[in-house]
Amino acid sequence: MKDSLQTIGVFVRPTHYQNPLFEKLEQAKEWVLKLLEDEGFESFMIDSLDGAKDARLIEKADAFLCLGGDGTILGALRMTHSYNKPCFGVRIGNLGFLSAVELNGLKDFLQDFKQDRIKLEEHLALEGRIGKTSFYAINEIVIAKKKALGVLDIKAYAGHTPFNTYKGDGLIIATPLGSTAYNLSAHGPIVHALSQSYILTPLCDFSLTQRPLVLGAEFCLNFCAHEDALVVIDGQATYDLKANQPLYIQKSPTTTKLLQKNSRDYFKVLKEKLLWGESPSKKR
């Protein structure tokens, strides 16, 4: 790793000046670029998250530093996914499930990076297709109602075999990495982030017998809604799904690549972020 990773692209999601993090991000950008230079890396800034505009820059980089929260990391991972480049997150924000380090730990991380003392985690990603339009999802693909009234009927197939019809507000198809995101809020299960599976979690289903379903990633899935619906990617991008138009979902041939500290332990992250084992007074 230390012989080939020399150019670091720095992702910063555009932030309005009224955002509470605006000033902190502006200061951090300059500090990070200076630190990368001091540590012997070439670097450049990407702050548009516009894949077409930044394609040549993405090809130039060996890895990407994502400055912000999990939303910034997700946007960067989707944008770089087809280029098969690793990313790592420097947390400036709230929860930071995906982040490798805090800002004050970046210098040590970069030094470990140069000495090949970090690890590469490869996670399952989703590849979706509607008609001729293809896309990737890192956390989840959601089929959601386009209008507030009524329920949305979604027929689900594994290959050509129908296995369920969901009737409710929609359906989450999550990756293991995304199982602690929207899926968890919808009472879906936590699945180890390095597992090879899909998690299907209904949203406010009309039937009280519907429960989340975990399927092996060897399945190719497709879904049809009885009326026009929205397909939401990682909570950041949307596509229209016409009535009875199939949405195809399968395991992406390219993995999501995250650089993390060697000491990172998934169960420790769950315990710290979700406050497992803490007393109710501490949680408040």
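Yeah, the Cβs are placed from backbone N, Cα and C, and that goes for glycine too.
Its own atom aside, the Cβ of S185 (NAD(+) binding site) has 10 Cβ atoms within 10 angstroms in the protein chains shown. Per Swiss-Prot, the feature NAD(+) binding site maps to D70, G71, N139, E140, K167, D169, L177, T180, A181, Y182, N183, L184, S185, Q236; the stated evidence is sequence analysis.
Counting Cβ atoms from all protein chains shown, D70 (NAD(+) binding site) has 23 others lying within 10 Å of its own Cβ. Look at Swiss-Prot and you will find D70 tagged as active site, proton acceptor, backed by sequence analysis.
If you count neighbouring Cβ atoms within 10 Å for each of the binding-site residues N139, N183, the highest count belongs to N139.
In the three-state DSSP assignment, the secondary structure recorded for K167 (NAD(+) binding site) is strand. For K167 (NAD(+) binding site), the number of other Cβ atoms no farther than 10 Å from its own Cβ, over all displayed protein chains, is 17.
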